[in-house]
Structure formats: C-alpha cells, structure tokens
C-alpha cells in the first residue's frame, strides 16, 4: 500500500498544514474511541502522547497485542524510550517511518505527532480494508460507492467533496441500520442538518465519536481527505459485522444457487424421464399389436400410421432422449465440481432404465415394421387369390347357368329315333364338357381352402359361394347320369318302334308303291279339258300343301338348331376376342408397374448408397473428435458444432429418401438387390449420429467445465486422454472396470493387488460410476484424476456462514433468513430447514447445521 512509507518531508506541506485544524480534532476523537476501551482518553493530542505511555496503550488496544513494558520514570530519556518502543512496534508491522523520530514526539511537535497518528490509522484502521484486491483507500471508496449506489442524490467519488452535504454518511447508516434514519425525509439542500443527524446517530447508536465539525465541512472548499477518510473508516469497522454477514450471505447464496440449479436439473431430468418413459409405455402396446382388419387397405393405413410415427412423433422423442442424457451428464459434472455426491434418479428412471426402454422400443419398431411388410405380402396374395377365386367362380356360375333346367328337361320324349340319337350325342358332348370343368371346380375349392388357411377377412362369403358351386356341381353330376339313363331308355323304346314300323312297311308295300305312283303322278304333266278334271287336281294339290306345313316345321327346327349352335360358338369366340386385348393391357400395365418398381429400386438405392456412407463417415469423424484426438477442447467443440450444423443441413436428403421409401412401400416392393441399406437402418444411423454429436458436445462442454474449474493444463488433459484412449480398444468412449484399473496404473496410481487394494479400487469405482453402469466415461475419469486440486465450498464453510447470519446461535430464525438472503433463497431455506431440536430453542428456530450437511448429501427429490 502506498501510504506505508510516510515521509513528512516529502508529503504535501499544504495538506499537512490543513491537518492541524482537521487532524487534531479528528485524530483526537479517533484515538479516544479506542483508548476509552482501556478506561482512559487524551485531551490534547500534542501533549498527551509525549511520555509515550498512552501511545503504547493505544497501540496495544488497536492491535490486540502486548508491547514491551514501558519505562515509568519521568525523565526525558524515559519518555524517548517509551516512544521508541511504540515506533519500533509500528515498524514491526511493515510500516517504514521516515523523518519521524521519538525526540520530535517527546518535544510535542504537532506535525510529527499528527503524521505518526495518521500512519497508525493507515496501518491499523484502513490497511486491512480490502475490496476486490484494491488498495485500502480505493477499497474503502469502492465499499462506499457500492453501499450508497441505490440512494438518490449520493455519488461518492472521493473523500472530500462527496461527503460535504452529509447524505453519504446518512446513506451508509441507513443501508446498514434503516431503523436509525429515515433517509427519504432528508434533503440535499440542508447539509448541516444531514451532517448533524449522521454524526449524532453514529455517536449515540454506533459508538463512533464525532471526529468532524459539520460547519467546517460545509464551509471548507475542500475538506481534509485524511480526516474524512479516518472518520469513514470508523463506519466501515462499525459495520464490519454486517460486512461479515454480507460475505456469509454471499457464500450461502452462491451455494444455494448451485443447489437450486442442480435441483432444477434434477427436476427437469425427472420430468423428461417420466414423460419419455410414459410415452414409450403408451407406444409399446401399439407397436406390439398384431391386429388389423385383415384387409390390404387396412394394412396400408396402418403402415401410413407407422410412417407418420417415424417422421413426426419419434424425432422429438429422439431429441428429448438426447437432452435427457445431456442434462444428466451436465448435472453429474456440476455435482462433482461443487463437491456434491452423484445424483441418483428415482427408481425406474435411471439412465440404464431409459436406455433399456429405448432399446425395447427400437426392437419393437423393427419387429412391427417387419410384421407389417410380411402382413402386406400375405394380404396382397390374399387379394390376388380372392380375385382369382371370384373370376373362376364367375366363369363356373356362368357356364352352369341353365344347365340344371336343361338336364331336367323331357324334350326327348317326343323325338323320333334319329332325333333321339342326336340328343344322345349332344348329351355325350355335355358329359365331356362337364368332365372338362371338373378341374375348375377343384381349383375353386383349393383357392377357397388357401384363403381359409391365410385367414382371408371375407372367408365366410368365399366359403358360402364355394359350397354353392360344389353343391351345384354334385347336382349336375347326378342330373347328367339320370338324363343319360332316360335317353338310353327312350332309345330302346324308339328302336323297338322302328322295328315295328319296318314290319308294317313290309306289309304295306303295295300301298307304298301306290304312294310312289301317286308321287309320280303328282309331278307328272297334266292336260285337263273339263271342270271336274281341274277340280280333282286342285284337291290333290291342297292335300299336298297341307303336308308342307309339317315339312316347314321340320325345316325351321333344323335351322333353329343350327342357329343356336352358331350363336353359342359366336358368343364364346367374341369373349375370347375381347379377353385377348384385355389380357394384353393387364400384362402391359404389370410390365409398366414392374418397370416403375425397378426405377424406384434404383432411385432408393442410388440415394441410400450416398446417404449410408455419408452417415458412417460423419459417425467416424465425430467419434474421432470425441476421442480427443484433434486439438484443444475448444477446437473439438468448434468442430462438433460445425458437424452439428452440417448434419441438420443434410436432413433434406433423409426426407427425400423417406419420400422415395414411401413410394417403394406403396408399390409393394419388398426387396432391393441394388443396395445393402434399408430405410430402417438409415433411420437408426441418422438418430445415432444426432445422439452421438449431442453426447460428444455435452461431454466436451463438461470437460471444459472440469478443466477450467480445476485449473489443469492442456498438456495434462492430453495425457489423461491419451491414457484413456489407449485402454479404450473398441473406441466406445468408456472403460470397463479392468480397463479403468489398468489406466490408473499407467498414470502412476498405486492400487495394490491384495484384498485392501481391491477394496480401495471398489471405492474409486463407486465414485466414477455412481450409477453402477459397469463402465467409466472420460469426464468421470477426468474428474477423478483432478479431484484433489479443486477448491470448492464445503458443508463446514456453509455452516460457518449461517452461524454468522445467526449471530453465533446454533439455530437461525426465518426473519433472519429473510433479512439476510434474497426472497427466493430465503424461502428455499425456510421450506427445507428442519426445526431446531437443541436446548433453548425459540419458536420457529431452524436447524441450519443439518440443512448445510444435507446440501452435500443425497438429494431427497
């Protein structure tokens, strides 16, 4: 401090001269404020220190130390000896006295005496004042500025003009003892009243004697700085207890702020964990369900729901899981750095629980999508079989239409033998046709059976229709046999009649010959000459014409039969001619569909073969950065941030791939020989990349926090990282217990191979792996390696701070907390502090000791 070397010869003489008026009064009052503690005082500062006795007594009071025994003689050399003892003591405190000798003091030199007293004030009243490591004078000025900052009309810039109107003194008193002064009633225009108010209150209630004259302060253009500085230092020391309380309150606030932030992170972790686990719990039954309406459209709708889930519902949960892990890691780092034990989430919400639940979710997703695709393949085949069944059933029912009526017809009963033989041949042709249709009926039955086996959704109607066709087929078979029998029986009868006709013809040969003759006559040329002759011919012609109607019927019957055959054949030929181009169109449409599918396969493969390797490269790069192999932590963090931006910028490629994949699924494409990547593997890779970047950013941030709080160098950090990476063979970012033990040994950490060594190692393992995950992450390893170098607060320090606020009581009252701490932190303490159970406790007393201990113990969240 600059004031330690006091050289009165080089000191501003004008300043010292003013001290005659100001210093004598002020320094006398200051000395008496201490001497009265020893039951004495001085009246004249120029005379009363000349023998050195009260000077030695003053030094003993203000230092708290004992000086050498004084000489009791009254001779000059006795007085000089005593003053020298006082000056030697001052010098022993590191103060170099220049031009101040015992003789001048003994001789009553006022300038020297005031210079000596100023030196004592500087050393014992001002030098110990330190605010933010400033010099005593600057520190005291800063203290005044801070204390008076909230007050109107006060602007402390120095120790002379700034205190002239008295408001600064009143503000200092009001800041610490608002009960003593009503500051708001004071006016800048009444400095005399302000000064008298401050000096009276200070003397009466704060035990600070009047050291300054209010009128002199007002009337002097520039009051003496040393006198004002001396008087203000008395305010500082008077409020020193309050200052200690403020310091204690600041420490408590800092500790509580850390705890509040930690608890906020714990509450957020619990909330996020509960929400995420609840979402997984609600989602799992849907993913595990294997129920649909058994239709292709229903299955496609379910697949669209799954796509919506993957595109819209799951991505926010991936971010939530990443945030959850980030918060947890940050929280554990902060707890370690603030000397708190590791956070243990409530049962069922451990990081491992969430990881297991998430793994179960992804397993269910994969199984669900595989089931959906298999179900779509099954239902696509079902739809195909159902359409095939319908087509064959339509053809069969169309063919059998009217066949039962035909088979039940008695049309053969009026036929002649040749007609009957024709009907019989026609029936034989039908029998052949019926046998030919047997295969179609069997196919219909087989398709129906397969539809039943594959659990077709409309199996009831399929079975009913199949049963109708089979029953009708059985009836047709029976009717066919009956008609054949009836035709055979009718043929036998007609053949018998034909034999009878033959016998009759033999007997009627003459008549037959007549008939032949008559026929010949009918076609013969004729010439008539009489009416009778023509009438006879006309009658014969009439009879012939009557026979023509029967002949005409027979003719029409034959023509109708020919036309019927022609119509049937023509209809079937027309159907065949129509079906051929339809079949061409169907085949061309299927060709176009397969060509489009092939295009989709190529599009997906081309894009997937770009995206897949890109994700893998990013993963490798992020992993390399996370291994701490590239530059400082800040460099690593910067590069990770760049990768994070690059990944989010790449997201449109994933979205484009999703659109192609949707078209692939809608096209019922279930395999792609052009790529090894599936949409599911790419989705998982993308999510893992995002998670890896977030996790590595969080780990690097925590490492920076650990490094900065513990003051380790980049070289030390590199050494720790190199050792860790050496034993992290699989580049997982964590070490198994045996690998961790080897890593410790490589860094010179002694772990015995005996039972005690194993106990020690298990204790260390409990510190670095508090959640018993079976692995040690680098940030926990780093924290352990640098743990002993950390300068953190402790429970004992917090207890001492509360003790100051409580005025050395073993308990503290709510009002005291509300007075000393910010409202939110005061209420935080009041709500959590248990009642004090010790002796002489007043109502409402709170136990700050157990509360402080609990701050560094397990959270009771």
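The backbone N, Cα and C atoms fix where each Cβ goes, and this holds for glycine too.
TrEMBL does not curate its annotations; it predicts them automatically.
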Among ranges 413-440, 441-468, 469-496, whichever one TrEMBL labels coiled coil: 413-440
Which range of 227-254, 255-282, 283-310 is coiled coil, per TrEMBL: 255-282
Chain residues outside the coiled coil (255-282) and at least six past its termini with a C-beta under 8 angstroms from it: 317, 320-321, 323-324, 327-328, 330-331, 334-335, 338, 340, 343, 345-346, 348-349, 353-354, 357-358, 360-361, 793, 798, 821, 825, 828-829, 855, 859, 861
Listed stretch, out of 21-125, 134-240, 715-750, that has the most CB pairs under 8 angstroms to the domain 'EF-hand' (756-791): 715-750
Chain residues outside the coiled coil (413-440) and at least six past its termini with a C-beta under 8 angstroms from it: 392, 395-396, 399, 473, 476-477, 480, 483-484, 487-488, 490-491, 494-495, 497-498
Residues in the domain 'Calponin-homology (CH)' (134-240) grouped by DSSP into helix, strand and remaining coil: 65 helix, 0 strand, 42 coil
Average pLDDT across the coiled coil (413-440), rounded to a whole number: 85
